[in-house]
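*Asks:* Copying in the features that TrEMBL gives for the protein in this structure:
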- A:9-258: domain 'Endonuclease/exonuclease/phosphatase' (DOMAIN)
- A:12, A:39, A:156, A:158, A:257, A:258: Mg(2+) binding site (BINDING)
- A:114: active site (ACT_SITE)
- A:156: active site, proton donor/acceptor (ACT_SITE)
- A:228: site 'Important for catalytic activity' (SITE)
- A:258: active site, proton acceptor (ACT_SITE)
DNA sequence: ATGACTTTCAGCGAAAGA
């Protein structure tokens with residue numbers, strides 16, 4: 001007896017308008033049930049709903065002009081949408097940054113996350129990154145995990161979890177993506193009981209990346225970083241079938257600097 | 001090599017990205 005599965009992708013598109021041909025052709029070929037997008041760089045009212053619906057997807061948006069912006073695209077109904085993490089009021093400086101959207105699809109609680117980059121580090125942007133990560137940790141601990149439901153948090157975490165996830169560990173040692181504080185905050189999420197899906201299925205892999213800089217021939221030389229991840233609650237990790245990096249979109253004309261990561265989970 | 005590339009902005013150079 002075969003089981004039904006759901007395929008969920010995460011993709012930092014680096015402008016949904018500039019990337020629309022890449023995104024629609026990838027949706028047509030990869031056909032994920034859900035696509036979590038980051039860096040839309042557009043306001044809610046200018047999101048290209050017509051083209052996305054024509055590809056077969058409904059979209060819930062948390063947009064922002066010029067910067068940031070996240071979305072949940074789905075071929076199935078999207079329920080109980082939440083925009084933004086709790087705690088913005090205490091932050092003082094980020095009430096507007098559109099970096100988090102959460103919703104339920106087919107009984108799975110999903111989030112699309114665009115974690116702050118944090119460079120240059122040290123500095124105020126790095127402090128902001130660490131505060132944002134603590135807000136995410138608190139929300140997962142206080143609200144999401146206690147529900148004891150399947151939970152998949154996908155997105156651009158802007159963290160290389162270990163040196164195996166960086167083409168040049170020495171050169172990036174002081175970078176906000178690789179610094180010990182960033183990695184400790186990422187491990188604090190895992191220590192709540194979350195599973196990093198790709199690493200769980202590829203425990204010994206090195207040199208597998210989800211981002212390549214536009215410059216210096218980084219893609220051609222495979223000088224990349226693995227910073228796009230899925231974190232799963234125990235109830236979702238028990239359903240984990242597969243997690244793969246889809247390199248195809250990065251090699252095409254006018255690509256995003258990121259490429260999608262796809263996770264497959266069984267559903268009832 | 002003080003670089004490299006891309007996107008946005010009521011732009012015309014600068015900021016941000018990672």
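The backbone N, Cα and C atoms fix where each Cβ goes, and this holds for glycine too.
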*Asks:* Sort residue A:39 (Mg(2+) binding site) into helix, strand or coil using the DSSP assignment.
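*Replies:* Once the DSSP labels are grouped into three classes, residue A:39 (Mg(2+) binding site) ends up as coil.
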*Asks:* Measuring Cα to Cα, how many Å separate residue A:257 (Mg(2+) binding site) from the residue listed as 'active site'?
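*Replies:* Cα-Cα, rounded: 14 Å.
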*Asks:* With every protein chain in view, what's the tally of Cβ atoms within 10 Å of the Cβ of residue A:228 (site 'Important for catalytic activity'), excluding that atom itself?
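*Replies:* For residue A:228 (site 'Important for catalytic activity'), the 10 Å Cβ neighbour count is 26.
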*Asks:* Compare the C-alpha of residue A:228 (site 'Important for catalytic activity') with the C-alpha of each of the recorded positions A:39, A:114, A:156, A:158, A:258, and give the closest one.
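*Replies:* For residue A:228 (site 'Important for catalytic activity'), the spatially nearest of the recorded positions is A:156.
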*Asks:* What does DSSP say about residue A:228 (site 'Important for catalytic activity'): helix, strand or coil?
*Replies:* strand
*Asks:* In whole Å, how far is residue A:114 (active site) from residue A:12 (Mg(2+) binding site) when you measure between their Cα atoms?
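*Replies:* Cα to Cα, residue A:12 (Mg(2+) binding site) and residue A:114 (active site) are separated by 8 Å.
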*Asks:* Using DSSP and collapsing to three states, where does residue A:12 (Mg(2+) binding site) fall: helix, strand or coil?
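*Replies:* Reduced to three states, the DSSP call for residue A:12 (Mg(2+) binding site) is strand.
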*Asks:* Restricting to the domain 'Endonuclease/exonuclease/phosphatase' (A:9-258), what is the model's mean pLDDT?
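*Replies:* A mean pLDDT of 95 is what the model gives the domain 'Endonuclease/exonuclease/phosphatase' (A:9-258).
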